[in-house]
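Before any comments, here is the structure.
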Amino acid sequence: MSPQTETKASVGFKAGVKEYKLTYYTPEYETKDTDILAAFRVTPQPGVPPEEAGAAVAAESSTGTWTTVWTDGLTSLDRYKGRCYHIEPVPGEETQFIAYVAYPLDLFEEGSVTNMFTSIVGNVFGFKALAALRLEDLRIPPAYTKTFQGPPHGIQVERDKLNKYGRPLLGCTIKPKLGLSAKNYGRAVYECLRGGLDFTKDDENVNSQPFMRWRDRFLFCAEAIYKSQAETGEIKGHYLNATAGTCEEMIKRAVFARELGVRIVMHDYLTGGFTANTSLAHYCRDNGLLLHIHRAMHAVIDRQKNHGMHFRVLAKALRLSGGDHIHAGTVVGKLEGDRESTLGFVDLLRDDYVEKDRSRGIFFTQDWVSLPGVLPVASGGIHVWHMPALTEIFGDDSVLQFGGGTLGHPWGNAPGAVANRVALEACVQARNEGRDLAIEGNEIIREACKWSPELAAACEVWKEIRFNFPTIDKLDGQA
């Protein structure tokens, strides 16, 4: 045994197991501006004190393990360990607590969402001492944010590229999502864009299947884009899904899209992975492509209130990793989404500085230090009667995306697009004239029906459609 080993082994090391809270629960700790801060909803197993549970989360997501180890003496735990610095009860929940954990910045690789999540939401979520664990929010410090490129272009650059201002953008997901040939798919794209939409979209699971290979789809969609642009005089786009089985194949598809001269590609960022997403975002910035992000698989992670991760964390991660659009729920459509919580993470996507606001689920003040913003996309079970509410909720910097609400029009795809464009223009004009969309929305739509038979037909078809189911993931304190 070397003298150095003898010295280290003899200075204060004692083998065995000790409580996590003795090392990792530090209520006296004052957080630093460079710390990554996390708010965890912790449900300890019966008999496990909240302080021990919170300390266990801090330990197992940073430097700790289940027993003391000799090599702790070879580093500075005080410099590198995570710290549970505050615990508070959850209103109305006797067995749940919010544990606040601070992580030193040196624990994380620069510019890597993958590495950040591997620590913070890694093995600790399977820890036996916890009945359930959910990451509610993260504070990303400016020092770490500055190591990321973020969205390829951002909101203002996108508007300049499209020459579209003063209103939400309109989109449509082509349906049926699977089974169409590339030529019929391109036809639907053309009809929707010609009818007045700004964008059409590949559904998230359209990649390169036997019925429609990706290269054929890209070619027919590009033809549809150029034809509709020539006929309308407007700039158009189609989200060509570049998601693939390998990063190399994904980039190959993005390269082909750029060669066709289209303006935007798409990625499924959770199923594709953050490493792939960041790589694609870098390619898109370097080559002038906008990047639309779909959040397929998010509800597996974020829907249950006591375990997993809230979507506001996934939204922050996407802004770091890179994307110009991301699906963010609708509040009024068929998919899960509490209004105040949704508005909270919509602001976190778009704004440069967002204050702590627990009434909207925002646990920490977030300074994005001029990282470009992301357009929230409202999509899922929406139609023309929802247009006033969507315009009022999401504002101008958003994409309102009607799939069935366009293609389900009784007269066809182009009239469906016309109906949505007329409804949107009517709502924007009414808002600009000072009318209250929340109160007068239905009246505004009825007035517009008088001079748009396409809108009148759409209103008749969907007048009884409602998705009145309670939200599962409500903010704390809501009934």
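Just so you know, glycine gets a Cβ as well, placed from its N, Cα and C.
Non-local neighbourhood of LYS175 (active site, proton acceptor): ASP203, GLY403, GLY404, LEU407, each in the same chain, at least six residues away, with C-beta under 8 Å from its C-beta. For LYS175 (among others), the entry in Swiss-Prot reads active site, proton acceptor, with the evidence type sequence analysis.
According to Swiss-Prot, the active site, proton acceptor annotation covers HIS294 (among others). Secondary structure at HIS294 (active site, proton acceptor), taken from DSSP and collapsed to helix, strand or coil, is strand. Listed in sequence order, GLU204, ASN241, MET266, HIS267, ASP268, TYR269, ILE326, HIS327 are the same-chain residues six or more apart from HIS294 (active site, proton acceptor) with CB atoms under 8 A from its CB.
Remark: LYS177 (substrate binding site) has ASP203, ASN205, VAL206 as non-local neighbours, by Cβ distance under 8 Å and separation of at least 6 in sequence. Annotated substrate binding site per Swiss-Prot: ASN123, THR173, LYS177, ARG295, HIS327, SER379, in sequence order, evidence recorded as sequence analysis.
What Swiss-Prot lists as Mg(2+) binding site is LYS201, ASP203, GLU204, and the listing cites sequence analysis.
Taken from Swiss-Prot, the feature N6-carboxylysine applies to LYS201, supported by sequence analysis. The Cβ neighbour count for LYS201 (Mg(2+) binding site), using a 10 Å radius over every protein chain in view, is 28.
Note: SER208 (phosphoserine) has non-local neighbours TRP214, ARG215, ALA244, i.e. same-chain residues 6+ apart with C-beta under 8 A of its own C-beta. Marked as phosphoserine by Swiss-Prot: SER208.
The local packing around THR330 (phosphothreonine), expressed as other Cβ atoms within 10 Å of its Cβ over all shown chains, amounts to 26. If you look up Swiss-Prot, you'll see THR330 marked as phosphothreonine, on the strength of similarity to another entry.
Taken from Swiss-Prot, the feature site 'Transition state stabilizer' applies to LYS334.
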Can you grab the distance from ARG295 (substrate binding site) over to THR330 (phosphothreonine)? Cα atoms, rounded to a whole Å.
13
Spatial neighbours of THR330 (phosphothreonine) among the binding-site residues ASN123, THR173, LYS201, SER379 [C-alpha, 10 Å]:
SER379
For the binding-site residues listed here (ASP203, GLU204), which one has the lowest count of neighbouring CB atoms within 10 Å of its own CB?
ASP203
Sequence-distant neighbours of ASN123 (substrate binding site) in its chain (C-beta under 8 A, six or more apart)
GLU60
So, in DSSP terms, is ASN123 (substrate binding site) helix, strand, or coil?
helix
